[in-house]
Amino acid sequence: MITIGITGGIGSGKSVVSRILLTLGIPVYDSDSRAKWLNDHSPVVRQALTGLIGSDLYENGILRRDRLAAAIFSSGDLLEQVNGIIHPEVKKDFCQWRSECESDLCAIESAILFSSGFNSLCDTVIRVDAPEKIRQERAMARDGSSAETMRQRMLSQEREQSLAKAGADHTVLNAPPHLLVPQVVRIIETVRTKRPNPPDRL
């Protein structure tokens, strides 16, 4: 099975590309939503996070994300430790999901594909891009955030975006006059064409 990574900055249109792949019959793993699910339901994650931060991090069995964010904000090195807990569990969850896929291709969508190391699970990576102004406008309309809040979020992603720009195999442009669907379809055709032939059976 060939694994495709999908990444891009906020407002770039990663989820749109994921939906295109789904319409092409390619299953897509949403690492963000699965990470949130694991934060709430994985005993491994819960035990490690409460051991690191405190038992009041969970309320009625659900992670209080505001408390986690406050703890990370108050401690410079805590984010790396939290990621060290969550990312390995997401990788395990993805590998289990992939093993159950009945398809020649599958994909994983992640805004932090490279900094998390998820790119090591991929055979090829698609980076979704758009001009910064368009990305900001899209994200503000979607999230209802202020321009300053969105600017800070985009600044926080600069390192990841540099890694993605250097490491991605394909880039699609999700802004006029570029049409997104034909770009994605061409990449999938290329990936399928270049896949290695199975060995001859004796």
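Placed from the backbone N, Cα and C atoms, the Cβ positions cover glycine too.
Swiss-Prot annotations:
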| type | residues | note |
| --- | --- | --- |
| BINDING | GLY11, SER12, GLY13, LYS14, SER15, VAL16 | ATP binding site |
| DOMAIN | 3-202 | domain 'DPCK' |
| REGION | 138-161 | region 'Disordered' |
Neighbours of GLY11, SER12, GLY13, LYS14, SER15, VAL16 excl. site residues, C-beta within 8 Å of centre, ATP: GLY8, VAL17, VAL128, ALA130, ARG138, ASN174
Local backbone state of SER15 (ATP binding site), from DSSP in three classes: helix
GLY11 (ATP binding site), number of other Cβ atoms within 10 Å: 25
Mean of pLDDT values spanning the domain 'DPCK' (3-202): 92
Chain-internal residues near SER15 (ATP binding site), provided their CB is under 8 angstroms and they sit 6+ positions away: GLU109
For GLY13 (ATP binding site): intrachain residues, at least 6 apart, with Cβ closer than 8 Å: VAL128, ALA130, ARG138, ASN174, LEU180
Secondary structure content, the region 'Disordered' (138-161) (per DSSP, counts of residues): 20 helix, 0 strand, 4 coil
Local Cβ density at LYS14 (ATP binding site) - other Cβ atoms counted within 10 Å: 24
Surrounding CB atoms that lie within 10 Å of the CB of SER12 (ATP binding site), all protein chains: 29
Surrounding CB atoms that lie within 10 Å of the CB of VAL16 (ATP binding site), all protein chains: 16
